[in-house]
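A.B. asks: Structure in structure tokens, see below.
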Amino acid sequence: MAIVLAHFELTTGTACEDVTRGRRGKAFFDVEVGTKTVRLRACFSSLDLQKWKKMQWYLVAALLTVLTSSQGILTTLSQSKGEYNYDYATVPFLAEIFKLAVSSLLLWRECKNLPLPKMTTEWKTVGLFPIPSVIYLIHNNVQFATLTYVDTSTYQIMGNLKIVTTGILFRLFLGRRLSNLQWMAIVLLAVGTTTSQVRGCGEASCDSLFSAPIQGYMLGVLSACLSALAGIYTEFLMKKNNDSLYWQNIQLYTFGTLFNMARLLADDFRGGFENGPWWQRIFNGYTITTWMVVLNLGSTGLLVSWLMKHADNIVKVYSTSMAMLLTMILSLFLFNFKPTLQLFLGIIICMMSLHMYFAPPNMLLDMPLTVKPDEEKLIEVSVDRRTHS
């Protein structure tokens, strides 16, 4: 008796396709044992594939949450007496170099296997990738400017405003329809973020309802709008065709590197090259914490591109908004941060918004759950006898 073992892997981009490019949801495997050819066909239900994809979404979103929560903290720790001893415009540039190098390595590994990944080289497609690079260039630098006015927890909470603009842009540009409950969740999130930013006027130094300079909040709103716009457009590019994710990343980060380099050169011209060209002082003032900021920013970008390809902007934005909880806890120990009652209320409201948006309607409205019977899993084995001449 011969025992045949067949191993196969489900790719995230397409539901259960093997090298023979079988029909969606089915994979075929031919194995020869002696004079016998065994063909295995495995049929999987769409529910199984959906669970597998969601599991990957959760893992990537959880890692993105950790990196995002540490981003503001690391950036603050890299300051000295509230100022940057390094040129913070070099951080996004080096992060783009890091993402480009990682994506190139992964694409090289992908090209070593068959079939070769799809890579569109037409200029009408490649020419679209500079647009999000420009938006991300502005957004990354606005982030640094925002943290000079607000603390890390407020920075994370204000970042949740991107959900409001993302929902609007989803509807306007991508035609994404949201239910009434989801729109209510978005509005509730806006209320929660606003509540967390207000201080009580019982304090002696209560000059206004805002706990930070107005410039910080204006930059925070601008950062949220830029983030949503860049995310929507990036999702459009990633899902425009079936190109390799790493090839799309290379295009995106190549233009990102060029635009960041142009920004550094423009700063030199504006300063009359007083401190020399940027490439001679690019690492001036860098510490271990600064390099951690670079790696954090680069790794976050790679995870976001994965979510743009295989999930959507809402998953990405909500995962980053969850980072405010971890940021607040860490800020208690690192910066002697004293959370206010309004901050706790704002976080609770944001968590309610998270549950309202992603929970099934039957859980929110106490509706009876109707479950469709799962498709039967089939395994077909056909044996063809062959004789050797």
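Using the three backbone atoms N, Cα and C, a Cβ is placed for every residue, glycine included.
Heads up, TrEMBL stuff is auto-annotated, nobody curated it.
According to TrEMBL:
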- 57-77: transmembrane segment (TRANSMEM)
- 89-108: transmembrane segment (TRANSMEM)
- 128-149: transmembrane segment (TRANSMEM)
- 155-174: transmembrane segment (TRANSMEM)
- 181-198: transmembrane segment (TRANSMEM)
- 218-238: transmembrane segment (TRANSMEM)
- 286-308: transmembrane segment (TRANSMEM)
- 315-335: transmembrane segment (TRANSMEM)
- 341-359: transmembrane segment (TRANSMEM)
A.B. asks: Cβ under 8 Å, sequence separation of at least 6 from the ends of the transmembrane segment (57-77): give me the contacting residues as numbers and ranges.
C.D. replies: 143-144, 147, 151-152, 155-156, 289, 292-293, 296-297, 299-300, 303-304, 306-307, 310-311, 315-316, 318-320, 322-327, 330-331, 334-335
A.B. asks: Under an 8 Å Cβ to Cβ limit, what residues of the same chain, 6 or more beyond the ends of the transmembrane segment (181-198), are close to it?
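C.D. replies: Counting only partners 6 or more residues beyond its ends, the transmembrane segment (181-198) has Cβ contacts under 8 Å with 154, 157-158, 160-161, 163-164, 167, 209-212, 217, 321, 342-343, 345-350, 352-354, 356-357, 361, 364.
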A.B. asks: Any chance you could find the range in 155-174, 218-238, 286-308, 315-335, 341-359 with the most Cβ pairs under 8 Å to the transmembrane segment (128-149)?
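C.D. replies: That would be 218-238.
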A.B. asks: Cβ under 8 Å to the transmembrane segment (218-238), counting only same-chain residues 6 or more beyond its ends: which ones?
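C.D. replies: 128-129, 131-132, 135-136, 138-139, 142-143, 145-146, 149-150, 154-155, 158-162, 164-166, 169-170, 173-174, 245, 248, 252, 304-305, 308-309, 312-313, 316-317.
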